[in-house]
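The following features are taken from TrEMBL:
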TRANSMEM  25-48  transmembrane segment
DOMAIN    41-289  domain 'G-protein coupled receptors family 1 profile'
TRANSMEM  60-78  transmembrane segment
TRANSMEM  98-120  transmembrane segment
TRANSMEM  132-154  transmembrane segment
TRANSMEM  196-215  transmembrane segment
TRANSMEM  236-260  transmembrane segment
TRANSMEM  272-291  transmembrane segment
């Protein structure tokens, strides 16, 4: 399409997940329930970590940050999606679209870097248990958290700027949110440079933390295999199992979306995968960490016991 065909876009229309009205109502009910479960689960984890002094450790500090990221990430996309299910006009102003892309990308990047930091924390806990409290001191934990937030949003700023500086010839986004690849398809000009930058961004935000996770767990496995007692091995692996499950879910879906070769037939599949890490993953995270974690469940029983005594 020629550059002269460029038009100024004041707002975008989002095609969403379905055009069928009945299906949209069903989707609204489903995702509204998932939204409530996600908010409740993540706020509960934050509250339990704050209340129980036994959970005032680096592992749970990072877990509380992860819950905050998931809460913010879901609120950056899902409320708009729910409104669009009930609305006949599924539009979003240009500046809101820019802001949504920036915030969602920033939070997603923060989560990936945070998962890398959590892997490092587990590596120190298993491989250097006697020096754990010295290495993972409060200052280092806070610094790692700040770096995760800063790196995520700096990458997001770069990607958002180069995406929306493109001349756009269309205003219909084949997605349920403003997402990088979906917006790039509206451009009037060649987007080869943007595709390279998306790949580069994916390498920095996805593959680098993923490499840190793989390295950390390779060292953890080596350390666990040196433990002679079966009980000791189970205990060491138990401290890492929940984090490894979350890592597999988040990195697996995102690597497929941003690092896999693109074809026109993958557009709908892209939306399904985006739906997974936008709605499903934030809901599963607190369930995985709480149901598989004895300390969190113990803190929950203790909190419920206090409530029963007060009544």
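Using N, Cα and C of the backbone, Cβ positions are placed for all residues, glycine too.
Any TrEMBL annotation is an automated prediction that lacks curation.
Most Cβ pairs under 8 Å to the transmembrane segment (60-78), among the stretches 132-154, 196-215, 272-291, belong to 272-291.
Across all of the domain 'G-protein coupled receptors family 1 profile' (41-289), the predicted model scores a mean pLDDT of 84.
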